[in-house]
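The following features are taken from TrEMBL:
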type: DOMAIN; residues: 7-189; note: domain 'Thiamine phosphate synthase/TenI'
type: BINDING; residues: Gln37, Val38, Arg39, Val40, Glu41, Asn70, Thr109, Lys138; note: 4-amino-2-methyl-5-(diphosphooxymethyl)pyrimidine binding site
type: BINDING; residues: Asp71, Asp90; note: Mg(2+) binding site
Amino acid sequence: MPSLGRLHLITDTRPGRDPLAVLRAVLPVARTELVVQVRVEDTATDREAYDLARRVVGLCAPYGVTCLVNDRLHVALAAGAAGGHVGADDLPVDAARRVLGPDSVLGATAREPVSAVAAVNAGASYLGVGPCHATTTKDGLPPAIGAAGVRAVVEAVNVPVIAIGGVTAEGVPALRAAGAYGVALVGALSGAADPACVAAELLRGLSC
Ligand SMILES: Cc1ncc(COP(=O)(O)OP(=O)(O)O)c(N)n1
Ligand SMILES: Cc1nc(C(=O)O)sc1CCOP(=O)(O)O
Ligand SMILES: [Mg+2]
């Protein structure tokens, strides 16, 4: 299994966003500290998801950067990604592990310690934990858990915890202090005027 980077860039495919331009800017700065998660809108077709995943895999390969696919594990396999990420509405973690095989990276969403332990026992190799802070990127999320909620999960499991939801460079030190291994972001990178600069700032926080 590839070693996991600490900076998880999740593609932003909302209208007006350019996920490949953001990726091209961030790749040379973050290199192997980067993980890219291909996440498309629920309304996107599998063909659209596959086309984006193939392009992301192709851009990541020269840098040795890990590419994952959110939700659609058949797309992950078909596109040659290193693994996938599942949450409560997706395949259960044990089924996802069977689909991906023993050596793939498998992330699972967990919001508190009990489900976190269950996800790890079912085969998750890392956990996405949040929402840490309020976010406008995704609707319907439960209330923010803050750094204290992240810490509660960190103390319950022995896999990397990736903090997600409203993460900014300013927020990284508190999340690291809570034990987060890394962070996952959509808006803070996708909406940045200079994504490379923001990535460098995020990496400085993650290296402490
Ligand atoms: C790193 C990371 N953590 C959490 C999520 C959320 O996954 P999920 O709960 O399945 O929600 P969707 O992203 O599918 O809307 C994630 N994608 N990545
Ligand atoms: C896709 C997603 N999942 C979350 C969760 O808590 O499960 S928060 C989130 C959106 C993260 O986007 P941003 O960095 O712009 O807040
Ligand atoms: Mg999902």
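The backbone N, Cα and C atoms fix where each Cβ goes, glycine too.
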Of the binding-site residues Arg39, Thr109, Lys138, the one whose Cα sits nearest to the Cα of Asp71 (Mg(2+) binding site) is Arg39
If you tally other C-beta atoms within 10 angstroms for each of the binding-site residues Arg39, Lys138, the top scorer is Arg39
Among Gln37, Val38, Arg39, Val40, Glu41, Asn70, Thr109, Lys138, recorded 4-amino-2-methyl-5-(diphosphooxymethyl)pyrimidine binders, what is the largest CA to CA distance in Å? 17
Across the domain 'Thiamine phosphate synthase/TenI' (7-189) the predicted model averages a pLDDT of 98
Does DSSP give Thr109 (4-amino-2-methyl-5-(diphosphooxymethyl)pyrimidine binding site) helix, strand or coil? strand
Among the binding-site residues Val38, Val40, which residue has its Cβ surrounded by the fewest other Cβ atoms within 10 Å? Val40
Those binding-site residues, Val40, Glu41, Asn70, Asp71: which ones have a Cβ sitting under 6 Å from ligand 1? Asn70, Asp71
Here the 10 Å Cβ neighbour count for Asn70 (4-amino-2-methyl-5-(diphosphooxymethyl)pyrimidine binding site) comes out at 23
Cβ neighbour count (within 10 Å, all chains shown) around Asp71 (Mg(2+) binding site): 19
Measuring Cα to Cα, how far is Lys138 (4-amino-2-methyl-5-(diphosphooxymethyl)pyrimidine binding site) from Asp90 (Mg(2+) binding site) in Å? 16
